[in-house]
Amino acid sequence: MSFDETIPGPDEGEGDEFYDTFAPVFKRNARFAAQHPVPDLGGVDDDEEHVEAFYSYWTHFESWRDFSKVAAEQAEVDLDDAGSREEKRWMQKEVKRQAKQLKKREMARVQELVDRARLKDPRLRRFREEDRARREAIKAQRRQARQQKEEGKRNAAAAKAEEARRKEEEAKEAARQAKLAKDKLKKQLRKLRNAIRRALLAAQDEAAAQARALDGEEGASAAALAEATEQQLDDQIKAVGDADGVAALQEVLDQITEEDDPVGAYETVTERKAELDKAALGEEEKRAAARAA
(Lines of atoms letter the chains of each structure in order from A and count residues from 1; the text may use other names and numbers.)
(Lines give C-alpha, C1' and ligand atoms only; values in the text may rest on other atoms or scores of the structure.)
Protein backbone atom coordinates (compact mmCIF):
# COMPACT_ATOMS: atom_id res chain seq x y z
CA MET A 1 0.00 0.00 0.00
CA SER A 2 1.49 3.34 -1.07
CA PHE A 3 1.86 6.22 1.39
CA ASP A 4 0.25 9.61 0.68
CA GLU A 5 3.13 12.07 0.82
CA THR A 6 1.12 15.14 -0.20
CA ILE A 7 1.11 18.21 2.04
CA PRO A 8 -1.17 21.29 2.00
CA GLY A 9 -0.29 23.88 -0.61
CA PRO A 10 0.74 27.49 0.14
CA ASP A 11 -2.84 28.73 -0.28
CA GLU A 12 -4.51 26.03 1.83
CA GLY A 13 -5.37 25.98 5.54
CA GLU A 14 -6.17 29.65 6.06
CA GLY A 15 -8.03 30.81 9.17
CA ASP A 16 -10.54 28.36 10.63
CA GLU A 17 -9.61 25.74 7.99
CA PHE A 18 -6.14 25.36 9.46
CA TYR A 19 -6.93 22.55 11.90
CA ASP A 20 -9.00 20.45 9.47
CA THR A 21 -6.36 20.92 6.77
CA PHE A 22 -3.15 20.18 8.68
CA ALA A 23 -4.21 17.84 11.51
CA PRO A 24 -4.80 14.78 9.22
CA VAL A 25 -1.49 15.34 7.42
CA PHE A 26 0.54 15.38 10.63
CA LYS A 27 -1.36 12.35 11.90
CA ARG A 28 -0.63 10.49 8.65
CA ASN A 29 3.10 11.22 8.85
CA ALA A 30 3.22 10.28 12.54
CA ARG A 31 3.08 6.58 11.55
CA PHE A 32 6.82 6.76 10.80
CA ALA A 33 7.77 8.52 14.06
CA ALA A 34 10.74 6.98 15.82
CA GLN A 35 10.00 8.85 19.06
CA HIS A 36 6.78 8.51 21.04
CA PRO A 37 4.41 9.88 22.17
CA VAL A 38 3.71 12.03 19.14
CA PRO A 39 1.99 15.31 20.12
CA ASP A 40 -1.28 16.25 18.41
CA LEU A 41 -1.69 19.47 16.48
CA GLY A 42 -4.25 20.51 19.09
CA GLY A 43 -6.89 23.20 18.92
CA VAL A 44 -7.56 26.91 19.13
CA ASP A 45 -7.48 27.01 22.95
CA ASP A 46 -4.01 25.48 23.39
CA ASP A 47 -1.46 27.60 25.23
CA GLU A 48 1.86 28.72 23.81
CA GLU A 49 3.83 26.05 25.64
CA HIS A 50 1.83 23.22 24.02
CA VAL A 51 2.04 24.76 20.54
CA GLU A 52 5.79 25.37 20.75
CA ALA A 53 6.34 21.82 22.03
CA PHE A 54 4.41 20.47 19.02
CA TYR A 55 6.50 22.38 16.49
CA SER A 56 9.74 21.59 18.30
CA TYR A 57 8.94 17.87 18.02
CA TRP A 58 8.24 18.03 14.30
CA THR A 59 11.20 20.32 13.60
CA HIS A 60 13.45 17.58 15.03
CA PHE A 61 11.32 14.73 13.68
CA GLU A 62 13.04 11.36 13.37
CA SER A 63 11.57 8.84 10.93
CA TRP A 64 12.11 5.10 10.82
CA ARG A 65 10.77 4.88 7.27
CA ASP A 66 12.92 2.56 5.11
CA PHE A 67 13.49 3.55 1.50
CA SER A 68 15.60 0.54 0.51
CA LYS A 69 12.88 -1.15 -1.56
CA VAL A 70 11.91 2.08 -3.31
CA ALA A 71 15.57 2.84 -3.93
CA ALA A 72 16.12 -0.60 -5.48
CA GLU A 73 13.15 -0.06 -7.75
CA GLN A 74 14.42 3.33 -8.83
CA ALA A 75 17.91 1.95 -9.42
CA GLU A 76 16.35 -0.96 -11.36
CA VAL A 77 18.51 -3.51 -9.62
CA ASP A 78 17.79 -6.86 -7.99
CA LEU A 79 20.38 -8.26 -5.65
CA ASP A 80 19.30 -11.79 -6.53
CA ASP A 81 20.27 -11.15 -10.14
CA ALA A 82 23.84 -10.18 -9.24
CA GLY A 83 26.29 -12.22 -11.32
CA SER A 84 29.17 -11.83 -8.93
CA ARG A 85 30.09 -10.67 -5.51
CA GLU A 86 31.50 -7.42 -6.89
CA GLU A 87 28.28 -6.72 -8.81
CA LYS A 88 26.22 -7.38 -5.71
CA ARG A 89 28.33 -4.95 -3.68
CA TRP A 90 27.90 -2.34 -6.40
CA MET A 91 24.10 -2.90 -6.36
CA GLN A 92 24.01 -2.55 -2.56
CA LYS A 93 26.02 0.63 -2.74
CA GLU A 94 23.74 2.09 -5.40
CA VAL A 95 20.60 1.19 -3.45
CA LYS A 96 22.07 2.75 -0.31
CA ARG A 97 22.88 5.94 -2.20
CA GLN A 98 19.39 6.14 -3.65
CA ALA A 99 17.82 5.43 -0.23
CA LYS A 100 19.85 8.20 1.37
CA GLN A 101 18.62 10.69 -1.22
CA LEU A 102 15.04 9.53 -0.73
CA LYS A 103 15.43 9.90 3.06
CA LYS A 104 16.81 13.39 2.64
CA ARG A 105 13.95 14.31 0.35
CA GLU A 106 11.49 12.85 2.86
CA MET A 107 12.84 14.96 5.72
CA ALA A 108 12.74 18.05 3.51
CA ARG A 109 9.09 17.26 2.79
CA VAL A 110 8.31 16.99 6.52
CA GLN A 111 10.09 20.27 7.23
CA GLU A 112 8.17 21.98 4.46
CA LEU A 113 4.99 20.69 6.10
CA VAL A 114 6.13 22.16 9.43
CA ASP A 115 7.05 25.50 7.86
CA ARG A 116 3.71 25.84 6.09
CA ALA A 117 1.85 24.94 9.26
CA ARG A 118 3.79 27.53 11.24
CA LEU A 119 3.00 30.14 8.63
CA LYS A 120 -0.74 29.39 8.74
CA ASP A 121 -1.22 28.55 12.42
CA PRO A 122 -3.62 31.19 13.86
CA ARG A 123 -2.39 30.43 17.37
CA LEU A 124 1.16 31.47 16.53
CA ARG A 125 -0.20 34.66 15.00
CA ARG A 126 -2.15 35.31 18.17
CA PHE A 127 0.89 34.63 20.33
CA ARG A 128 2.98 37.03 18.24
CA GLU A 129 0.33 39.72 18.53
CA GLU A 130 0.06 39.18 22.29
CA ASP A 131 3.85 39.29 22.63
CA ARG A 132 3.98 42.46 20.55
CA ALA A 133 1.25 43.98 22.74
CA ARG A 134 3.20 43.03 25.88
CA ARG A 135 6.38 44.60 24.53
CA GLU A 136 4.48 47.74 23.55
CA ALA A 137 2.92 47.87 27.02
CA ILE A 138 6.37 47.56 28.62
CA LYS A 139 7.71 50.29 26.36
CA ALA A 140 4.73 52.48 27.22
CA GLN A 141 5.28 51.89 30.94
CA ARG A 142 8.97 52.72 30.65
CA ARG A 143 8.17 55.78 28.57
CA GLN A 144 5.58 56.89 31.12
CA ALA A 145 8.04 56.27 33.96
CA ARG A 146 10.65 58.42 32.19
CA GLN A 147 8.10 61.15 31.56
CA GLN A 148 6.97 61.06 35.20
CA LYS A 149 10.59 61.19 36.35
CA GLU A 150 11.33 64.14 34.09
CA GLU A 151 8.12 65.85 35.17
CA GLY A 152 9.07 65.25 38.80
CA LYS A 153 12.45 66.87 38.19
CA ARG A 154 10.80 69.83 36.48
CA ASN A 155 8.29 70.20 39.30
CA ALA A 156 11.04 69.96 41.91
CA ALA A 157 13.09 72.59 40.08
CA ALA A 158 10.03 74.83 39.76
CA ALA A 159 9.20 74.36 43.45
CA LYS A 160 12.79 75.16 44.39
CA ALA A 161 12.75 78.27 42.23
CA GLU A 162 9.40 79.31 43.70
CA GLU A 163 10.71 78.77 47.23
CA ALA A 164 13.79 80.86 46.45
CA ARG A 165 11.59 83.58 44.95
CA ARG A 166 9.29 83.50 47.98
CA LYS A 167 12.20 83.77 50.40
CA GLU A 168 13.66 86.62 48.37
CA GLU A 169 10.32 88.43 48.43
CA GLU A 170 9.99 87.81 52.17
CA ALA A 171 13.50 89.14 52.72
CA LYS A 172 12.72 92.24 50.66
CA GLU A 173 9.47 92.78 52.54
CA ALA A 174 11.21 92.28 55.89
CA ALA A 175 13.87 94.79 54.88
CA ARG A 176 11.19 97.24 53.76
CA GLN A 177 9.28 96.85 57.02
CA ALA A 178 12.50 97.22 59.00
CA LYS A 179 13.31 100.42 57.14
CA LEU A 180 9.80 101.75 57.75
CA ALA A 181 10.11 100.91 61.44
CA LYS A 182 13.53 102.51 61.60
CA ASP A 183 12.31 105.67 59.87
CA LYS A 184 9.32 105.79 62.20
CA LEU A 185 11.61 105.34 65.19
CA LYS A 186 13.90 108.13 64.01
CA LYS A 187 10.90 110.42 63.58
CA GLN A 188 9.69 109.60 67.09
CA LEU A 189 13.16 110.20 68.50
CA ARG A 190 13.46 113.57 66.78
CA LYS A 191 10.03 114.56 68.01
CA LEU A 192 10.83 113.56 71.58
CA ARG A 193 14.24 115.22 71.40
CA ASN A 194 12.70 118.51 70.39
CA ALA A 195 9.97 118.24 73.01
CA ILE A 196 12.48 117.48 75.77
CA ARG A 197 14.72 120.34 74.67
CA ARG A 198 11.82 122.74 74.82
CA ALA A 199 10.87 121.49 78.27
CA LEU A 200 14.45 121.74 79.48
CA LEU A 201 14.89 125.24 78.08
CA ALA A 202 11.86 126.32 80.07
CA ALA A 203 13.23 124.57 83.15
CA GLN A 204 16.61 126.16 82.56
CA ASP A 205 15.11 129.62 82.39
CA GLU A 206 13.31 129.11 85.66
CA ALA A 207 16.41 127.57 87.23
CA ALA A 208 18.47 130.60 86.18
CA ALA A 209 15.91 132.93 87.70
CA GLN A 210 15.95 130.96 90.93
CA ALA A 211 19.75 131.01 90.91
CA ARG A 212 19.77 134.78 90.72
CA ALA A 213 17.36 134.91 93.66
CA LEU A 214 19.37 132.44 95.71
CA ASP A 215 22.62 133.18 97.52
CA GLY A 216 25.76 131.11 97.89
CA GLU A 217 26.26 127.47 97.12
CA GLU A 218 22.64 126.58 96.58
CA GLY A 219 22.26 129.16 93.84
CA ALA A 220 25.46 128.12 92.12
CA SER A 221 24.40 124.50 92.31
CA ALA A 222 21.00 125.20 90.77
CA ALA A 223 22.55 127.21 87.92
CA ALA A 224 25.14 124.52 87.20
CA LEU A 225 22.47 121.85 87.15
CA ALA A 226 20.34 123.84 84.76
CA GLU A 227 23.24 124.51 82.38
CA ALA A 228 24.29 120.84 82.27
CA THR A 229 20.81 119.46 81.81
CA GLU A 230 20.37 119.96 78.06
CA GLN A 231 23.80 118.62 77.06
CA GLN A 232 23.58 115.48 79.23
CA LEU A 233 20.09 114.63 78.12
CA ASP A 234 20.96 115.25 74.46
CA ASP A 235 23.84 112.78 74.79
CA GLN A 236 21.42 110.21 76.18
CA ILE A 237 18.92 110.82 73.42
CA LYS A 238 21.58 110.24 70.75
CA ALA A 239 22.67 107.01 72.44
CA VAL A 240 19.17 105.53 72.49
CA GLY A 241 17.94 104.14 69.15
CA ASP A 242 15.25 101.52 69.66
CA ALA A 243 11.61 101.35 70.69
CA ASP A 244 12.55 100.88 74.35
CA GLY A 245 14.60 104.07 74.11
CA VAL A 246 11.62 105.95 72.69
CA ALA A 247 9.48 104.76 75.58
CA ALA A 248 12.15 105.79 78.06
CA LEU A 249 12.44 109.26 76.50
CA GLN A 250 8.69 109.63 76.53
CA GLU A 251 8.65 108.83 80.22
CA VAL A 252 11.38 111.40 80.85
CA LEU A 253 9.42 114.02 78.93
CA ASP A 254 6.30 113.28 80.94
CA GLN A 255 8.22 113.58 84.20
CA ILE A 256 9.84 116.88 83.17
CA THR A 257 6.59 118.47 82.09
CA GLU A 258 4.87 117.34 85.29
CA GLU A 259 7.68 118.60 87.55
CA ASP A 260 7.05 122.07 89.00
CA ASP A 261 10.57 122.50 90.30
CA PRO A 262 13.11 122.84 87.41
CA VAL A 263 15.91 121.63 89.63
CA GLY A 264 13.82 118.68 90.59
CA ALA A 265 13.20 118.09 86.88
CA TYR A 266 16.91 117.90 86.27
CA GLU A 267 17.30 115.50 89.16
CA THR A 268 14.59 113.38 87.61
CA VAL A 269 16.56 113.35 84.38
CA THR A 270 19.79 112.33 86.07
CA GLU A 271 17.98 109.55 87.91
CA ARG A 272 17.00 108.19 84.51
CA LYS A 273 20.55 108.44 83.24
CA ALA A 274 21.53 104.95 84.40
CA GLU A 275 18.50 103.42 82.70
CA LEU A 276 19.22 105.30 79.48
CA ASP A 277 22.87 104.21 79.60
CA LYS A 278 21.75 100.60 79.93
CA ALA A 279 19.37 100.95 76.98
CA ALA A 280 22.10 102.55 74.87
CA LEU A 281 24.49 99.71 75.72
CA GLY A 282 21.89 97.14 74.67
CA GLU A 283 21.39 98.94 71.36
CA GLU A 284 25.12 98.95 70.67
CA GLU A 285 25.31 95.22 71.38
CA LYS A 286 22.49 94.60 68.89
CA ARG A 287 24.28 96.59 66.21
CA ALA A 288 27.50 94.67 66.81
CA ALA A 289 25.64 91.36 66.54
CA ALA A 290 23.98 92.48 63.30
CA ARG A 291 27.34 93.45 61.80
CA ALA A 292 28.83 90.11 62.79
CA ALA A 293 25.93 88.23 61.17
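Residue numbering: from 1, along the chain as shown.
Glycine is no exception: its Cβ is also placed from the backbone N, Cα and C atoms.
Bear in mind that TrEMBL entries carry predicted annotations, made automatically and left uncurated.
The compositional bias 'Basic and acidic residues' feature in TrEMBL is assigned to 130-139, 147-183. If you look up TrEMBL, you'll see 207-230 marked as compositional bias 'Low complexity'. The annotation domain 'Zuotin-like zuotin homology' is assigned in TrEMBL to 17-125. Marked as region 'Disordered' by TrEMBL: 130-184, 207-231.
Each residue in the domain 'Zuotin-like zuotin homology' (17-125) gets a DSSP state, and the totals come to 79 helix, 2 strand, 28 coil. Applying DSSP to the region 'Disordered' (130-184) sorts its residues as follows: 55 helix, 0 strand, 0 coil.
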